[in-house]
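Here the structure is laid out as structure tokens; the discussion comes afterwards.
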Amino acid sequence: MFTWTIYVSLLLVLAGTFLMNRNTNTDIIDTFKREVDLPIPAQPGPPFPLVTDYCDIVCGFGRGSAELGIPTANVPINQLPKGINDLDLGVYFGFAHIKTVDGQELSVETRRDGRTVVYNYGQYLSEANDDLSVLPMVLSVGKNPFYGNDFKTMELHIIHDFKNDFYGARVKFNILGHIRPELNYTTKEALIEDINIDIRTAQTVLATPPYQVFKQQL
């Protein structure tokens, strides 16, 4: 009887310790912590999640892929809900789903830098390659001060190995959390390093069950 009482008491102490240490609002990212990083709760909290309708994927400057090795999908700000337009400048994360636009012929558009891109409306996306699955992403909401932009852009880096471009396709996405504010950089290498940390942070958080359930929104 005495032994059983001690055993039960020990279980209660351990359970109490677990509950005291369990906080759904504590930061779950330790590995990639930087001074500028914001706390990421164990599950999305207000104002998240934010969800879009399907919006067009348009050409930007082409820097993400050509200069940084991190391709992005640009979306028009005027196609996004007000709650997303009102977000602070910075880096966010969530999930994205791309769909093709049927019945469109290939067309050529000119980027801001004067170069041309082919709009294929996603016709080369492959289900076999999981291109049309719900995928993790990081979102830059900002003016890209490193490049001296004076207007805000919305750029998604979808964390997936696409084999082809998909300008003209449509994307729907949710935003589940905020990684850090927008920063300026003295070197391109520092910018690339931070983006890669953002990507690893998003992958780590989005792989947890409380975040995985939000794939169902898309």
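Using N, Cα and C of the backbone, Cβ positions are placed for all residues, glycine too.
Features as listed in Swiss-Prot:
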ACT_SITE  Glu155  active site, nucleophile
BINDING   Thr72, Asn74  Mg(2+) binding site
SIGNAL    1-19  signal peptide
Asn74 (Mg(2+) binding site) CB neighbourhood, other CB atoms within 10 A: 20
Number of Cβ atoms other than its own within 10 Å, given for Thr72 (Mg(2+) binding site): 24
Between the residue listed as 'active site, nucleophile' and Thr72 (Mg(2+) binding site): CA-CA distance (Å): 6
